[in-house]
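Asker: Quick paste from Swiss-Prot:
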DOMAIN    3-136  domain 'B12-binding'
BINDING   Ser13, Asp14, Cys15, His16, Thr17, Ser61, Ser62, Ile63  adenosylcob(III)alamin binding site
Amino acid sequence: MAKKKIVIGVIGSDCHTVGNKIIHNKLEESGFDVVNIGALSPQIDFINAALETNSDAIIVSSIYGYGELDCQGIREKCNEYGLKDILLYIGGNIGSSNEKWENTEKRFKEMGFDRIYKPGTPIEETIIDLKKDFKI
């Protein structure tokens, strides 16, 4: 079976790169083919990378607190560009620190994300979920 291909990157004006590189390395070590678009990436860069590489999933990372704004409409754009079945994950500091996590998670589910990870979630948890979702 061919390796599953995953686009990763840091959305919006967020420039954290260390965590992005760790995610990249851990995914590769786990047998995934990783397309890393890096930091400071708009939604369309994730979508174009997924289209150009025939990717199976997109993992969006955001630490700077504006992930919700940056991700508005991303599922609709994926659908519009023919990526209706692509897995869409997000993790990092994506909500208000004063808000209950369940509320943040609910909003991102409503935005069309398949999996949502709170700050500090080990990448190994994401890898387990990817394998479940890919049935591998």
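Even glycines carry a Cβ here, placed using N, Cα and C.
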Asker: Tell me, how many other CB atoms lie within 10 A of the CB of Thr17 (adenosylcob(III)alamin binding site), whichever protein chain they belong to?
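Answerer: Looking across every protein chain shown, the total is 15.
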Asker: Could you count the residues of the domain 'B12-binding' (3-136) that DSSP puts in helix, in strand and in coil?
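Answerer: The breakdown for the domain 'B12-binding' (3-136) reads 57 helix, 27 strand, 50 coil.
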Asker: Could you check the binding-site residues Ser13, Ser62 and say which one's CB has the fewest neighbouring CB atoms inside 10 Å?
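Answerer: Comparing Cβ neighbours within 10 Å for the binding-site residues Ser13, Ser62, Ser13 has the fewest.
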Asker: Look at each of the binding-site residues, Asp14, Cys15, His16, Ser61, Ile63, and point out the one with the fewest other Cβ atoms around it within 10 Å.
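Answerer: Counting other Cβ atoms within 10 Å of each of the binding-site residues Asp14, Cys15, His16, Ser61, Ile63, the minimum falls on Cys15.
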Asker: Other residues with Cβ within 8 Å of the Cβ centroid of Ser13, Asp14, Cys15, His16, Thr17, Ser61, Ser62, Ile63 at the adenosylcob(III)alamin site?
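Answerer: Counting only non-site residues, the set is Val10, Ile11, Gly12, Gly19, Asn20, Ala39, Leu40, Tyr64, Gly92.
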